Amino acid sequence: MSDALPSPLLALKGIGKSFLGVRVLDGVDLDVVPGEVHAVVGENGAGKSTLMKIVSGGYAPDAGTIEFAGAPRRFSGPRDAQRAGIGIVHQEFNLLPERTVAENVYLGHEPVRRGLVDRRAMRERTAELLASIQESSLPPGSRVGRLGVARQQIVEIVKALALDARLLIMDEPTAALADNEVERLYVLVRRLQQRGIGVLYVSHRLKEVFDLADRITVLKDGRLVTTVPAADTDPDRLVRHMVGRDLSSYYPDRAAPDDPGPVRLTVHNGGNRKLRDIDLRVRAGEVLGIGGLQGSGRSALARALFGAAPFTTGEVTLDGAPVRLRSPRAAMRAGIAYVTEDRKGEGIVAGASVLDNALLAGRAVLPTWRGRAARTARVRELLAAVDVRAATEDQEIRFLSGGNQQKVVLARWLALGPGILLFDEPTRGIDVGAKSAIHDLVRRLARDGAAVLMISSDLPELLGMSDRIIVLRDGRIAGELPAGATEEDVLTLALGTVPAAA
Amino acid sequence: MSTALTLPARRAAPGVFIALALTLAVGWLVVTIDGGQLFSQPTTVSLLHVAAGLGLVAVGQTVVIIGGSLDLSVAYVVSLSTLVAAEAMAGSNAGLLPGVGLALGVSAAIGFLNGMLVTKARINAFIATVGVGLLLKGYLDNGYDGPAGRTAPVLVQSLGYQRIGPVPVSFLLLLAVAAAIWVVLTRTRFGHHLIAVGGDPQVARLSGVRNDRVLIAAHVLCSLCAGLAGIYLASRLGSGAPRVGTEGLYDLESIAAVVLGGTALAGGSGGVAGTVGGVLLLASIDAILNQLEVDAFVKQVIRGVIIIAAVAVYARRALRKAGS
Amino acid sequence: MRRSTAAVAIGAVLALAGCATDEPTAVASGTASQAAGSGTGAQSKFFVQADYDKELALLGATPTGTAGKPWEQVLEPNMVQTAKFKKPGPHKICFSNAGLNNPWRQVGFKTMQAEVETHGRQIKQFVHVDAEGKDQKQIADINDLLGKGCDALIVSPNTTATLTPAVEAACAKGLPVIVFDRGVDSTCPVTFINPIGGYGFGHVAADFISKRMKPGGKVLALRILPGVDVLETRWSAAKVAFDKAGVDVIGVEFTDGDPAKTKKIVNDYIQRYGTIDGVWMDAGAVAVAAVEAFVDAGRPVPPINGEDQLDFLKMWKDKNLTAIAPTYPTYQWRTPIIAALRVLNGEPVSSPWKLPQPTITQDNLAEYLDADMPPLHYAVCGCTDLPGYPQRWK
Amino acid sequence: MQLAERNRLRVRFRPGGLAPILVIFVVLLVLLGTRQPDFLSPPSLMSFLGRSAPLILLAAGQYFVIVAGEFDLSVGSLVTAQVVVAARLIDSDPSRTWPVILLLLAFGAAVGLVNGLITTRLRVSSFITTLGMYLILVGAVYLWSDGAPKGGLSEEFRRFGRRAFEDVFLVGRIPYALLILLAVAALAVLLTRSDFGRTLVAAGGNPRTAELSGVRVRHAKTLAFVLSGLAAAVAAILIGGYSGVSFQAGAGLEFGAITAVVLGGVALGGGRGSVVGAMLGALTLETLFTLMNFYGVSGALRSTVQGAIILLAVAVSAMRSVPAKGIQ
């Protein structure tokens, strides 16, 4: 396929970039032809983000050339690249919740008539764009903050289209989406493709990559490993390219049937504003997977158990004794830990050091003065045990990769010796290597006697890790699946129907 | 901007007008019972004059606060502007345009400096504008030992004292400026960009907004408004007054008015209509307590309580909205 | 857009309602402006030689009027007729006050209120509006008072030049206007009441200090803040005196009336110059702090001036200082009420009404010391015979 | 990738570090020393430290509030209120000294508590809360004292800010204020090293993370305001002692304290900086004032010099650290 394609839309040749003398990208070649979905994969730190920033005008390359639409280009900034026709859909949405859809879509290039912003034109054109991707149900005048995540992403894409983007960069576009929403995204991407728009698709999720991409480029340590047509490769080979390891080594062994110990946690008839009639039991040593769509109550369940948005009805018992989990502190005292979904917003204190982040929960819940040294020593051991890689423990955590940040968060909780661990999307946005390390850790914790609840939108992960799976729908438990269930089983329960097309 | 926990975004412009109506109603009742007259012509004129001065500053302050910044140097800009204008006019009508032009030019330059410090030197707006305020204070203290210059008589007659019915020309100027700023905020690219920068600078930048330019322009606008307030005061006072801005507490009072008007201190939302409401509210409270001959110190206590209470109400409302 | 058109529409309606202006016909005769440094070098633009000479001459003049009631006395009277303001009582007297933001004004205002009480039957209402130290507010206040049916208006202007147009507007309404403390640049008020003034104050203190040191002695001048006309005149007169005496003014510092800042400044000057031969102050507020700075540093207190605040007078006596306290007496707050009633009765009053300005010296110090009054009370208040004394001033 | 991160970090000036303020402080000290060598003699230095104690204390108190992501604009008026209240209550009667000191501390803590509760419970931005409190305190204290301070401070009260242990070996004299400062500073440092101090920084850096890690963010922030109020109380005792009663006692101190904290490398918006830096920032400011006294900078021009130096210092450290966080 690639040989036969004429006149690429985007052609990068020998791109190099260094930060303070460290080579982050080195001699990368890449091209995208109109109507092609070109996926870029690689571990975190492989240079994907830097490459995308160079294409979208965020950074200027130190070496190499960028050709766009047949002409050599040097972008002076994001604005310049946008003008040229390169749009970018960010992993974290770049939208203003207080402003309307139209205002967001045309931010930076509002249509002007007689010196004033032509609001009507803005709304009309937004409506047209929405219609062009068959999303006309979205009103251009509504505040973005009121829209769901999936619709916000549509706004992001429309925002790029509004600039007549001929090349669209999508950086982890599914990170915030539930599975049915991912389906809609697929449809959207294919429509863009049909319109001749080239798509650079960055993702950790190999399933998506294979579902969508025409060609796949693998980066490793800032260098190009290979560019292959998607049809000529498979996930196993791709992962080997990325990390030199087999896909099959992804998930650690499940618990043996008689491994799980006594029941550690039960919920009877639990409910609050987002949950109803929750009944569940988790045993020590078991990993209970929680499936369901975004907004089905998965995170609400974790937050209820953690006391952040407590159950208002029902009973919870811990090791047979009833408990009231009114606040995170109460939950923590009861031995519950919660690794949140939104790592940047709720998981880490970006400006604090690795050590301070790891010590946070212990300091908050079990303040001590005399025991400080011992506690710090224990946390240091834990940081080493979970294999956090940082320059020093005093390094600010924001400089670490997502995987390392997640390990620090884990160390924070392990320092409390929790008997119950709630994981909400523990491997989201984390590179393949760190991902399996975290999987190993989760399993090891269960083996050491912890009860684990794990929420994941990544179905292979959910299926691969869980000893049992509970699927939520509309705030209720839709059903329970044993180990060895299939993706279809989960989806059937999650959607409440036969899945559309997976 | 990042520590948004204590400051949920809010839009509550009408609230201040309800408060204003209530205040005026209750005030009228109390003053009437007290045997006074709240809406007599002189009282109304006085109220609107006080509102005009503070209002011009507060409208400018709204612009920077919406952009997520703030300006604590406005009080000194006001003083400086009165002096520049009055000295350039030197009591002659011929000096009117050069005086106004020069005062606005100097103000704009200060705004530009504020903007550069906040954006290019990346100094927190609080410190940057306090610092610039100190620079100006030194200049004023050193260069002036009292009122100086004389405002052009024609300006004194028009802007300073002319009124149409009970409405002073200066208040009309405030309305005009507020309307212009309203148009700028809602109907121009700059306005849209400014709101974006205040809402989320990262989003704005990645959408191709030139954040620094926008913020600098906002600071220039703010200082221009303060400069305009200075010109008005020069026309009211008949000369330049080196301390009129600081003794009027225009820095903190303008921020209070903006916040009363429902603009979030965090930036990204709010509007100039609310600010005018906030200014009128402050001026009305002042007028009512004045009529009742309430001690100035009691007034200050009441003002403090009202500011806190108003923002608490906004926060509560925003919270309820977020919860539903 | 809609809103701006609405604004224009409102404007048009108002225009139909009738144009009017409160602008006074005669515009203020502002002083010529020249950028003058307030350092030890150039003379302040507030310095007017003629006024200076007149004030210094007044220092030696003998007042006319009741002895022992300095607030009713006049120096070099110049009587004007007031028959046109004659009105049957009781009267409504209105007072636009620059502010109540310092102890001097507090003592003064209490004195004035007490004075009002003594005229119970003649005054039916006394309206007081506090401008909180804001020119802009005082202009609005005066305008507001004009609509209240006052029989006489008393103004204590916040700033001379800037309040002039407003006072002229008040005169134009035809009611008697009496200005005191700081003046206005206009002859329209019926009278302007104040003691001899800033030149006298500054001169007396500077003269005293420079005479108690050898030529070339080092003087530290402590000022409250720049740009207040009363204080500027005091300093400009002191400058003349110091230049004449040939003393070395080693520093002119602003204290903001903050005693802590004062002590730090004095401390650093002591360290920098070793000895200081005299301290001059433009107001007494931080005199005690300045004295303390010398005491704490273990140095003798050089000749110094303060004001008639009791804390300074007490320290003067206790520490046996070489000191003087020129005053700007608070009893001048009584006079405007007296003047207003005389004007409303059609009796002639002096314009200007110059009050005597006593100086407290070592000789008469004991007369003014009163251990029972609060430390920030001003001794020369002329209030001991007023109703409510001393409780009202405590 | 790990390498890249590591290298980028090594070059970076550690944000919130003490290096910039130390450099400025030393430069000012050297300038001072060359102009007035005897300033550096122990007794003079001791007196200087003693009289600088109030601002340093206020900066330490302000540090806790700012690092928690908030502002305290009420400290200046609180100091004034405290001094005026103390004078009226003591009324020159030595026997009332200690009860009044206890009362002042309680009053300071109470004002801090109210600030904290309004900010955290009613969710009013602390800028507004403390601005309102500033107006209220100023108004209330004038009202209560009828516009002029009354009564007087006893000598027992004043000695803390005014007197010193004389004839001390080597250093000549040690002001009581300095000892109080050292004690409070030590306490402040211990507090920042304690679990409370660390979790407070986290609460300022990311309140949501902190909350979900078990930090009682609202408690912590409220306590920060209480600490600031207490610091203001101690500062008021020292200022009242140093210079006596006056309505000007606390004027402008809130801006002084915030400026000092920022000079000391603490980020407005919270999450980074050290209390030692904040206190050093205050000492630097006081050194700057003294420097101007010794160099004879014209009284009127002082604010210009002060403004320029603050802008310069903050700009330099801002260039070297992270993008400035906005005011919240």
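Numbers here mean position along the shown chain, with the first residue as 1.
Cβ atoms here come from the backbone N, Cα and C positions, even for glycine.
According to TrEMBL:
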- D:12-33: transmembrane segment (TRANSMEM)
- D:45-66: transmembrane segment (TRANSMEM)
- D:73-90: transmembrane segment (TRANSMEM)
- D:96-117: transmembrane segment (TRANSMEM)
- D:124-144: transmembrane segment (TRANSMEM)
- D:174-191: transmembrane segment (TRANSMEM)
- D:223-243: transmembrane segment (TRANSMEM)
- D:249-268: transmembrane segment (TRANSMEM)
- D:275-297: transmembrane segment (TRANSMEM)
- D:303-322: transmembrane segment (TRANSMEM)
Proximity verdict for the transmembrane segment (D:249-268) and the transmembrane segment (D:303-322), three or more C-beta pairs under 8 Å: yes
Same-chain residues at least 6 beyond the ends of the transmembrane segment (D:96-117) whose Cβ lies under 8 Å from its Cβ atoms: 72, 74, 78, 81-82, 85-86, 89-90, 126, 129-130, 133, 137, 154, 156-157, 221-234, 236-237
Stretch-level contact, the transmembrane segment (D:73-90) and the transmembrane segment (D:223-243), CB cutoff 8 A, at least 3 pairs: yes
Stretch in D:45-66, D:124-144, D:174-191, D:303-322 most in contact with the transmembrane segment (D:275-297), if contact is a CB pair under 8 A: D:45-66
Outside the transmembrane segment (D:45-66), six or more residues from its ends: residues with CB under 8 Å to it: 39, 72, 75, 79, 126, 161, 164, 171-178, 180-181, 184-185, 188, 191-192, 200, 204, 223-225, 227-232, 234-236, 238-239, 242, 253-254, 256-258, 260-262, 264, 266-268, 270, 273, 275, 278-279, 281-283, 285-286, 290
Beyond the flanks of the transmembrane segment (D:174-191) by 6 or more, those residues with Cβ under 8 Å of it: 46-47, 49-51, 53-54, 56-57, 60, 63-64, 159-161, 163-165, 168, 197, 227, 231, 234, 238, 241-242, 275-276, 279
